[in-house]
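According to TrEMBL, the features are:
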type	residues	note
DOMAIN	27-71	domain 'Homeobox'
DNA_BIND	29-72	DNA-binding region
DOMAIN	74-275	domain 'TLC'
TRANSMEM	83-103	transmembrane segment
TRANSMEM	123-142	transmembrane segment
TRANSMEM	207-226	transmembrane segment
TRANSMEM	246-267	transmembrane segment
REGION	283-327	region 'Disordered'
COMPBIAS	301-315	compositional bias 'Polar residues'
Amino acid sequence: RFIAKPCAINLGIQDSGPHRAQPNAILEKVFTSITKSPDGKRLEGLSKQLDWDVRKIQRWFRHRRNQDKPTTLTKFCESMWRFTFYLSIFFYGIRFLWTAPWFWDTRQCWYNYPFQPLTSRLYYYYILELAFYWSLMFSQFTDIKRKDFLIMFVHHLATIGLITFSYMNNMVRVGTLVLCLHDASDFLLEAAKLANYAKYQRLCDAFFMLFGVVFIVTRLGIYPFWILNTTLFESWELIGPYPSWWLFNGLLLTLQVLHVIWSYLIVRTASKALVRGKVSKDDRSDVESSSEEEDVTSNSTKGIFSTSSNGSNRLNGHVAGGQWTGE
């Protein structure tokens, strides 16, 4: 409110919403009581009832759905908050782990386990991360639904489960490695969104490409060969198959599956960007165009600028393209 909003206004971002739909009591009743995305049969019935063209009714519903979406200013402020948190917690984690012996030798995570001291810095690191992911879990149900809603829901569940479980079992050493690794790319994604909202397209593209590289290197390279290696093999070797070994590694492997899915989406977005010369669309965006030109060109651009048809949530996460409007 006192930092992000003034920054957005100085960058020329206006607090103006999308084009409002023409008032119509019949369509409004259908929108609020029956469906926000009527099928063909219902569209034909409404067309006869109102003596409107079907295309005009489709456009009205699209405008009405966009009417409930947050403004660019609101999304800028949200992304700036997330950028601030991700950047701060990442550098806090790096500064803390730089002097930790298990950062340089992962076998240290299991020496003298479970009798390992819990320092105050480690404790606050855990509490901050846990509080943040709980906030994401709750806010996901109040935000506009995106295509990856289910994936993000599973991700938040797995993350909260891992943080809580590792804390209760005093596996905080390896837990800090997982947390820091995941924070390494998130602030780059939020930076790309901020650049997009401010209409700095080249900066947005650069941040997104950097995010994609860091994400793939950390999630498909370092994570399986550094983190999973120590939790699956080194822990088995040093302390044996402890009772919670299967659950702990099951949650970590669930995260790895999500990493593969998101990496695919990032590569697909980047490949489209290379073809068109810029990052132009989030593959999981919830945005629907309100321009009439879309109706004329929708067939020719289908498959490249395709959007969610359900009008319904922030990757909260993770893959995004040049417009970033889904966030």
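For all residues, glycine too, the Cβ spot is worked out from N, Cα and C.
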Provide the three-state DSSP residue tally for the DNA-binding region (29-72): helix first, then strand, then coil. 31 helix, 0 strand, 13 coil
Other parts of the chain folded back onto the transmembrane segment (207-226), taken as Cβ under 8 Å at six or more residues beyond its ends: 106, 177-178, 181-182, 184-185, 188-189, 191-192, 195, 255-256, 259-260, 262-263, 266-267, 269-270, 273, 279, 318, 320-322
Quick one: mean pLDDT on the domain 'TLC' (74-275)? 89
